[in-house]
């Protein structure tokens, strides 16, 4: 027995749906290929081809200071607390054999001297007492017979914060060590490029807006912050140590650290709406600290590393900014509601990093760099949303102006037609009055009565031109009457009120949808039945109430107990949805009622403040 033929999915789907499905599958395939390629590509950054032989020498060390016997050091992530100018000597036996071996030492504001079994391998330049030795990266080749010998590294810092501090020490050939340094810097380099792009983009956009008369100093401050943060992002990475002299690495790193908080605080200052004056002390604090620090360094009075001893002043200023940002968010400042959590996260990460730095319980992870990058992304996304919101608002306003111009033109044409009819009627009335006078003079009263009835019909044929003081309502109602006259629909108007704060495009969409639905219902009625529309507009403070009653013949379609439409088939029911959406925008309500011959819809809009639905009719 043969089975029944089964159609494939491609045969069961319509042609357009099959095309969309195939296109979606192509997108997924391309995305998968891109992800696979990027994974392969960045794997080269994580494991460089040249990084063949690298040994981490973080464990197995002893340290000693003058007058004290050697002490075991658990790991290079920790170090003893020493006084400024006190030399710490690290010693370790080298038991890993590598051809053309060298060691990589990262010095953090320390002078470095290296020995192998007491024989000097590298001696740092003579540094005067109190002079800043900077931040340096040392690649020191080892002799061929280094194996089983003791490596000794002397570290001396003029700053108590850095005295006795240790960093990872690596063993390998020079190409492998250089590849390692670049590999561990690439992530920060990529994020630096992103920050620079974002910062310069924000500054350029702010400039364009300023030329157009829109001044947003908070965006300028954020752009400057993003640029400073981009440059600071890589200052603690190996790659910067290779591009700048030790002193300049120190000056750039700490100078940018002391400076970035100025534009950051200014950004919040210009973004505040309620607590701007309260934030002014924090702006003065950060700005004054940054300027003072740079002047002290330039004049040689005090080096930047020494100012880290009073770094808590800056942390207090940031904490004060966070408190005000939270209060500002509670006052319904949308930007602060969005940005404050990221600032709190960044601040918490800074506290953690400084706790590691001061306690020396491990290597400082610098995670706060990533959290501030998230803050920059957050602000960027908010600005993008604001930009497109303003763009579409401008488009809506342009559409409203176009609508106003079109309705004004229609009203003007209607008025011209009306005046022509009135002018013609005025001329004819003279003739009619002369004819009536003749009938009455001759005593032909019945003929005069019939003649007068015919004249009255001509007068009624001239429609009113002014129905409401509001131009838009007047134009919509005029359009309704012209269409209704052609369909034989009787229209009754009771327009005793008008809008105060309702946006023109919302009012147009509301009236147009209500009256279009009413006219379509009347048009669908069979001949011989009365067709009518009654439109009423009154105020019941603070609401504007609009009621439309129309005759009908079609049935009412319901879904889940709610009226959907009186028309069958797809593509209907959007008019009522638009009316409900506009009512929701103005904190209003929509009430519908019907019987066998009529349909009634009442819309109440809260008309005491300016709002907009964003809908166009």
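Positions of Cβ are set from backbone N, Cα and C atoms, glycine also.
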132-153, 154-175, 220-241 - the one TrEMBL records as transmembrane segment: 220-241
Of 84-106, 107-129, 337-359, the range TrEMBL labels transmembrane segment: 337-359
Transmembrane segment according to TrEMBL, located in which of 58-78, 310-330: 310-330
Distal contacts, the transmembrane segment (278-298) - CB-CB under 8 A, six or more residues away: 251, 254-255, 258-259, 261-262, 264-266, 268-269, 272, 304, 307, 313-314, 317-318, 320-321, 324
In contact by Cβ distance (the transmembrane segment (371-392), the transmembrane segment (220-241); 3 or more pairs under 8 Å): yes
Most Cβ pairs under 8 Å with the transmembrane segment (189-208), selected from 21-42, 247-269, 310-330, 337-359, 371-392: 371-392
Recorded stretch, among 21-42, 247-269, 371-392, maximising Cβ pairs under 8 Å relative to the transmembrane segment (310-330): 247-269
